[in-house]
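Record features, source TrEMBL:
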DOMAIN    24-148  domain 'VOC'
BINDING   Glu78, His96, Glu144  Zn(2+) binding site
ACT_SITE  Glu144  active site, proton donor/acceptor
DOMAIN    154-282  domain 'VOC'
Amino acid sequence: MAEAAASLAPNAELLEWPKKDKRRFLHVVYRVGDLDRTIKFYTECFGMKLLRKRDVPEEKYSNAFLGFGPEDSNFVVELTYNYGVSSYDIGSGFGHFAIATQDVYKLVEDIRAKGGIITREPGPVKGGSSVIAFAKDPDGYIFELIQRGPTPEPLCQVMLRVGDLERSIKFYDKALGMRLLKKVDRPEYKYTLAMMGYADEPETTVLELTYNYGVTEYTKGNAYAQVAIGTDDVYKSAEVVNQVNQELGGKITRQPGPLPGIGTKIVSFLDPDGWKTVLVDNADFQKELDNQ
């Protein structure tokens with residue numbers, strides 16, 4: 001009995017690591033058909049800043065990083081343009097990104113004035129008091145616009161649909177050390193959602209996981225790629241993910257180690273629904289930013 005307890009101890013200790021680690025959302029990666037068009041839309045309509053841009057001709061792609069603050073403190077979008085590819089399939093699983101603003105009505109006016117498409121007019125949510133709207137970017141990605149007071153992180157949500165909400169909550173808690181911040185069941189609309197993150201909702205970016213009653217699978221398309229999260233130890237984090245994968249599903253898709261040519265250590269993996277996360281070494285990521 002003592003031997004069995006001893007053999008379990010390292011696993012139990014290992015599973016504590018994500019909660020002790022220094023984690024934060026770094027960026028979300030997705031593909032666009034015209035990089036300059038999207039940069040123009042995000043800067044003019046949403047008020048984002050272009051933080052950096054890089055072209056990698058030998059791999060035939062370009063990236064642009066945009067957000068509401070510097071990458072060393074804020075969550076940003078990493079847009080990828082693959083040479084010659086003008087459109088992508090977003091699929092049915094990806095939901096939306098969200099931007100918090102102090103005046104949704106004014107933001108909608110600005111977006112419309114610059115030719116943006118509003119898919120839901122601003123106003124209170126059904127059965128609640130939060131004021132929201134929805135806008136569509138040139139590639140078809142949906143952005144929820146949420147009226148809130150001042151926040152250090154306006155780029156505040158990534159929403160993904162999942163087939164088993166309890167399983168997903170457990171996965172993001174155990175594998176990534178996220179807290180369940182809020183859970184809302186709306187039987188009248190046949191969905192339940194869970195907000196997962198590292199700090200309270202108005203202060204930071206959250207992952208919004210949505211379960212639609214009776215729907216267990218979604219198409220992933222080829223447009224949305226992944227979320228990147230910082231860690232102090234990709235190797236230890238990978239051990240945790242591997243253990244949680246065995247219990248709940250998902251798999252490691254890139255073993256922990258440095259990226260060729262860049263040197264930044266990462267590990268990438270899929271959750272039980274096939275959504276990809278990349279954990280990035282905090283010190284290496286800071287070096288990347290310092291060396292620009």
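Including glycine, each Cβ sits where the backbone N, Cα and C put it.
Of all Cβ atoms in the shown protein chains, 21 besides its own fall within 10 Å of the Cβ of Glu144 (Zn(2+) binding site). Computed over the domain 'VOC' (24-148), the whole-number mean pLDDT of the model equals 96. Taking a C-beta cut-off of under 8 Å and a sequence gap of six or more, His96 (Zn(2+) binding site) has these contacts in its own chain: Phe134, Tyr141, Ile142, Phe143, Glu144, Gln157, Met159.
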